[in-house]
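Engineer: What Swiss-Prot records for this protein is below:
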- C31-C81: disulfide bond (DISULFID)
- C40-C64: disulfide bond (DISULFID)
- C56-C77: disulfide bond (DISULFID)
- 31-81: domain 'BPTI/Kunitz inhibitor' (DOMAIN)
- 1-24: signal peptide (SIGNAL)
Amino acid sequence: MSSGGLLLLLGLLTLWEGLTPVSSKDHPRFCELPADPGPCNGLFQAFYYNPVQRTCLKFRYGGCKGNPNTFKTIEECKRTCAA
């Protein structure tokens, strides 16, 4: 395997580890990211996990980019980050 292929594999494994909870008490690392509305101008209701308050909160999402700590429903947020 070429060095580029190995580097890509290492990057994918690192990303997978960051997005996968270690146990039921832990949550994915992206749950620690702040709410990010992104650069677009939409006004969509979304939810993010707030690690300081240890709960999911509502925010306005612009509709593009942002980060993985953005959920369409509070249930999805809680299931992913607050469980």
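Positions of Cβ are set from backbone N, Cα and C atoms, glycine also.
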Engineer: Measuring Cα to Cα, how far is C40 (disulfide bond) from C31 (disulfide bond) in Å?
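Structural biologist: Approximately 22 Å lies between the Cα of C40 (disulfide bond) and that of C31 (disulfide bond).
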Engineer: Near C64 (disulfide bond), how many other Cβ atoms are within 10 Å of its Cβ?
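Structural biologist: Excluding its own Cβ, the number within 10 Å is 11.
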Engineer: Count, for each of the disulfide-bonded residues C31, C40, C56, C81, the other C-beta atoms lying within 10 angstroms of its own C-beta, and report the residue with the smallest count.
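Structural biologist: The disulfide-bonded residues C31, C40, C56, C81 were compared, and C40 has the fewest Cβ atoms within 10 Å.
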Engineer: How many whole Å apart are the CA atoms of C56 (disulfide bond) and C64 (disulfide bond)?
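Structural biologist: With distance taken Cα to Cα, C64 (disulfide bond) is 20 Å from C56 (disulfide bond).
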Engineer: Across all chains shown, how many C-beta atoms besides its own are within 10 angstroms of the C-beta of C77 (disulfide bond)?
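Structural biologist: C77 (disulfide bond): 23 neighbouring Cβ atoms within 10 Å.
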Engineer: What is the number of residues in the domain 'BPTI/Kunitz inhibitor' (31-81) that are helix, strand and coil, as DSSP sees it?
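Structural biologist: So the counts come to 10 helix, 15 strand, 26 coil.
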Engineer: Averaging the per-residue pLDDT over the domain 'BPTI/Kunitz inhibitor' (31-81), what integer do you get?
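Structural biologist: Computed over the domain 'BPTI/Kunitz inhibitor' (31-81), the mean pLDDT is 97 on the 0 to 100 scale.
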Engineer: At the level of the C-alpha atoms, what whole-angstrom distance separates C81 (disulfide bond) and C64 (disulfide bond)?
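Structural biologist: Taking the Cα atoms only, C81 (disulfide bond) lies 21 Å from C64 (disulfide bond).
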Engineer: Return only the integer: C-alpha distance in Å from C64 (disulfide bond) to C31 (disulfide bond).
Structural biologist: 18
Engineer: Whole-number answer please: how many Å between the C-alpha atoms of C77 (disulfide bond) and C31 (disulfide bond)?
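Structural biologist: On Cα coordinates alone, these residues lie 9 Å apart.
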